[in-house]
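Visitor: There's a structure below that I have some questions on.
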């Protein structure tokens with residue numbers, strides 16, 4: 001595979017290989033056959049980051065080969081959304097001959113939505129000034145005049161310049177309901193929007209008929225919490241990053257959801273609060289003991305859950321676990337399977353044409 005040519009004709013074979021590999025990994029836990037969710041074969045990534053290469057008078061996007069670290073020129077990127085592909089040549093054309101915008105520019109980040117909004121971040125190895133703001137505004141306005149709904153951000157050491165805003169609002173159809181999600185630049189969002197819809201709808205399906213409340217650790221912008229709220233009496237969710245908490249609060253209001261409570265604290269702190277080990281001022285007015293959380297949702301980083309968190313989640317009758325690394329999921333299941341059984345298993349092809357697998361399991365207490 002090259003950045004400008006996807007092996008679309010090999011997609012089915014690669015997905016079959018992933019399915020077989022996941023089944024083999026999950027066999028020791030008596031898991032059912034995985035439900036497999038296909039990705040679009042192109043234009044599936046809603047965000048992308050590129051280095052900029054200055055080659056004499058020329059300027060172009062590059063990425064680095066993961067094995068050789070050699071640079072690869074990228075003029076189009078079919079893995080990315082059509083909007084990113086439309087913006088890439090327009091950004092180069094607008095910057096190449098503009099000394100103010102080009103000087104010491106080393107990276108461009110694109111974040112887009114299915115609703116055709118974009119945030120473009122320009123990263124520099126120099127201080128940014130009013131001249132930069134003026135030229136960036138001129139380029140942004142030219143793109144808007146051509147129909148692009150785009151926002152610009154300039155970044156340098158300890159500097160972030162927003163020309164107007166640093167977010168865009170995504171709209172996802174989830175099981176018959178349109179969900180609005182504010183996505184903030186430089187904060188985590190699911191990269192494959194089509195796969196995100198599949199994950200949300202699968203999570204809704206496996207939690208149908210749930211009793212009690214839902215607890216989610218590290219909820220980000222509320223991606224899963226808000227979609228799942230319709231299946232539970234109440235949802236209690238924790239998140240540590242301020243921009244994500246702010247986005248989650250906006251999303252609660254935008255979606256007219258009244259049964260989700262976001263708490264800004266780490267999972268370890270939350271465990272201490274639930275167990276009465278410590279009191280936290282930020283929990284004033286929130287009666288944790290009134291929550292009857294029978295289901296816990298976790299979507300940990302590639303490293304999986306640490307042993308303390310594994311012990312904590314074992315206390316819940318139902319565990320919904322989304323994993324971006326089946327290897328660490330299996331390590332966690334070595335412990336979790338002692339108390340819980342795997343009821344449902346799903347494979348989400350979040351990253352086509354790579355070895356990466358995203359999967360989901362629903363665990364129920366034995």
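Cβ atoms here come from the backbone N, Cα and C positions, even for glycine.
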Visitor: Can you pick which of 109, 129, 299, 306 Swiss-Prot lists for the same S-adenosyl-L-methionine site as 190, 218, 223, 239?
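Guide: According to Swiss-Prot, the candidate sharing the S-adenosyl-L-methionine site with 190, 218, 223, 239 is 299.
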Visitor: Cα-Cα, whole number of Å: residue 358 (active site, proton acceptor) versus residue 190 (S-adenosyl-L-methionine binding site)?
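Guide: Between the Cα atoms of residue 358 (active site, proton acceptor) and residue 190 (S-adenosyl-L-methionine binding site), the distance comes to 11 Å.
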Visitor: Have a look around residue 358 (active site, proton acceptor) and count the other CB atoms within 10 A of its CB, chains all included.
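Guide: Here the count is 24.
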Visitor: If you measure residue 239 (S-adenosyl-L-methionine binding site) to residue 324 (active site, nucleophile) at Cα, how many Å is it?
Guide: 19
Visitor: To the nearest whole angstrom, state the Cα distance for the pair residue 190 (S-adenosyl-L-methionine binding site) and residue 324 (active site, nucleophile).
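Guide: Between the alpha carbons of residue 190 (S-adenosyl-L-methionine binding site) and residue 324 (active site, nucleophile) there are 11 Å.
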Visitor: Given the S-adenosyl-L-methionine site residues 190, 218, 223, 239, 299, which other residues of that chain have a Cβ within 8 Å of the mean position of their Cβ atoms, reported in sequence order?
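Guide: So the additional residues around the site are 188, 216, 219, 220, 221, 222, 224, 244.
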